[in-house]
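Enquirer: Residues or ranges marked as compositional bias 'Polar residues' in TrEMBL: 271-307. The domain 'Ig-like' annotation in TrEMBL covers 18-121, 126-215. TrEMBL lists 259-318 with the feature region 'Disordered'. Taken from TrEMBL, the feature transmembrane segment covers 223-246.
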Amino acid sequence: TRSLSITSGGQLMFEKAQGEKVTLPCTFVLSEEDEGPLDIEWVLIPADNQKKEQIIIMYSADRIYNNYYAATTGRMQFANPDPKSGDGSLDILNLKSADTGTYQCKVKKLPGVQSQKLQLMVFVKPARTKCSVEGSQEIGKDVTLRCASQEGSPLLSYDWRRVSGTHELPATSVLNKNTGELLLKNASQDYSGTYNCVASNRIGTDECSIELNVTPPINTAGIIAGAIIGTVLGLSVLAVLIFCYCKKQKEKKYEKEVHHDIREDVPPPKSRSSTARSYIGSNRSSLGSMSPSNMEGYTKTPYSQVPSEDCERTPGQNPTFATSKVAAPNLSRMGAVPVMIPAQSKDGSIV
């Protein structure tokens with residue numbers, strides 16, 4: 001007696017790259033005894049045993065149901081539009097890394113039931129690989145060249161090669177293919193050149209390049225001495241500027257104080273009355289030296305009063321003599337100095 005059987009028992013492991021297409025086979029043969037309805041299910045078995053199996057597509061009662069698993073909606077379909085013909089293979093389009101897992105094909109036509117598991121590995125090609133240098137690129141120092149891909153499924157392998165000069169890695173170099181590190185011990189100028197790193201996995205490769213330039217050691221002592229001298233000079237210039245600024249401020253402060261200060265050794269200004277008295281006294285003394293013969297011209301116009309606007313009479317003056325105010329031209333405009341004209345009394349004496 002024959003029963004339902006799955007005939008696609010060959011390849012059970014599939015490795016594909018992200019973005020590619022894969023066909024998971026599931027062909028079967030029905031027996032005459034299988035009289036029930038035909039059901040074909042594809043189930044994704046998660047790697048975590050704590051999660052339940054997820055139906056991703058199903059054929060039942062001459063109808064296809066493919067909206068069970070949102071992550072694969074529009075990307076999964078039966079390879080044969082009519083699965084009941086004996087071909088229930090599954091096509092997965094535009095593969096993603098999340099599609100990696102175990103897939104099980106179940107075929108049921110009562111009383112016959114058969115299933116088959118297939119393993120799918122979706123790899124991501126290495127991409128955005130970057131090279132870098134770590135350490136001082138000086139003669140006698142250890143230099144490390146690093147290489148890492150931003151994308152790519154494990155296990156990634158890295159390989160360094162020299163693309164200039166001898167095209168061979170230095171004898172002192174140590175390569176770690178898993179981490180992508182290339183250690184160059186006790187570097188010399190012969191190590192200078194262009195180095196290339198190739199990152200690879202099962203489905204593809206990616207690479208990057210970097211330039212290594214090994215130079216003589218830098219004169220650290222000279223740099224330190226120059227920095228110290230420059231610092232000292234800078235501080236000196238700053239000190240001179242501060243000194244000049246403070247001196248200028250002191251000079252401005254001193255000038256301001258002198259401008260507003262009242263000196264005690266300067267006598268106060270004379271009053272108008274004392275000035276007038278001294279003025280009259282000086283004129284009288286000058287007139288006293290005149291002879292009578294010279295005074296004849298001054299007796300023609302008697303004066304009964306002396307200017308008294310700004311003058312004060314002293315107690316010692318003779319009250320019997322009358323003085324008069326002299327009507328004289330404006331002498332200040334003429335540039336002349338006003339004088340007091342003596343007058344002659346009745347008895348002939350000059351006053």
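Glycine is no exception: its Cβ is also placed from the backbone N, Cα and C atoms.
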Enquirer: Looking only at the domain 'Ig-like' (126-215), how are its residues distributed among DSSP helix, strand and coil?
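Expert: Helix/strand/coil tally for the domain 'Ig-like' (126-215): 3 helix, 49 strand, 38 coil.
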Enquirer: Per DSSP, what is the residue tally for the domain 'Ig-like' (18-121) in helix, strand and coil?
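Expert: Secondary-structure composition of the domain 'Ig-like' (18-121): 9 helix, 50 strand, 45 coil.
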